[in-house]
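Step one of this worksheet: look at the structure below.
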Amino acid sequence: MANKDFLLHFQEFDEDDDDGLRTSKGATRVTIDDTAEPQKQHKPAGPVEEDEESYRNDDKTELLSGEKKGAPFWTLDYYQALFNVDTYQVKSRIVGSMVPWPGKNFVHLYIRSNPDLYGPFWICATLVFAIAISGNISTFLKSQGEPNYKYMPEFRKVTMAATAIYSYAWLVPLALWGVLTWRQSKVVSMVSYTFLEIVCVYGYSLFIYIPAVVLWIIPYEVLRWCSILVALCLSGSVLVLTFWPAIRSDRPRIVMAVLLAVVGLHVLLAVGCKMYFFSDAANAVHLVPENIIKATPTIRTN
């Protein structure tokens, strides 16, 4: 009976409720303290993460600019990031290389975040085979009606086209990068481009010559020269708009000399390929004069 009274008295006393309130209050205070401490610990985590992210971005920038740390340049890991692009990036860069927009910089819009060698390499390779194949087809179509014509595929055109295209895509950017680096030491306000960015610009600027070369199969000189003119105007304008911010702060004579060199070499490549691979002199090699055929002695055997 005493136990029952004690329990009844204990239940009426509501001591557990008070303890529960105190406990909950304490729990609330602990929760506030617990949440406050992680917040204090979490505040410096933001800058740390930003520092780590900026470090990774700096490392990536050094890698793409040709200054990768860690892996030697003769290893595959060194060049892996240079081919780290997707189809959308390649397509957008191809379109951007053919459509000049005044006031828009091709490097800043398409390349600076991730310059690559994938697009320039395959664009140059495609252009090489397009020139060689189109040159052979053009020769065949133009001379197939000749009675003394004998078709002989010229594989040397592949070698000549590869030498011209890849030399242009690498040596001209190298020379331009050297000039811009030299002038950057003279004019501090100039915009700087890395060698890889310049190679990327020149590689993608050659894409517009691929459809132009395909049109050169048609043996009409007016159509050929019109396609050359259109390709030169579009891709040449992209080159001028791209490198203009890098030299506009320099002296006028230097600016004019650099722009004339950029445009002149671009014109020289197109006109040189047209004259060498699609001229009448190249087609005449396959024509065997009829009098030489008749004058060939016949050897009789008894």
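For all residues, glycine too, the Cβ spot is worked out from N, Cα and C.
Pulled from TrEMBL, these are the features on record:
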DOMAIN    98-270  domain 'Yip1'
REGION    16-62  region 'Disordered'
TRANSMEM  121-141  transmembrane segment
TRANSMEM  161-182  transmembrane segment
TRANSMEM  194-216  transmembrane segment
TRANSMEM  222-247  transmembrane segment
TRANSMEM  254-277  transmembrane segment
Among 161-182, 194-216, 254-277, stretch most in contact with the transmembrane segment (222-247) (C-beta, under 8 angstroms): 254-277
Tertiary contacts of the transmembrane segment (254-277), as residues 6+ beyond its ends and Cβ separation under 8 Å: 131-132, 134-135, 157, 160-161, 164-165, 168, 172, 176, 179, 183, 205, 209, 212-213, 216, 224-225, 228, 231-232, 235-236, 239-240, 243-244, 247-248
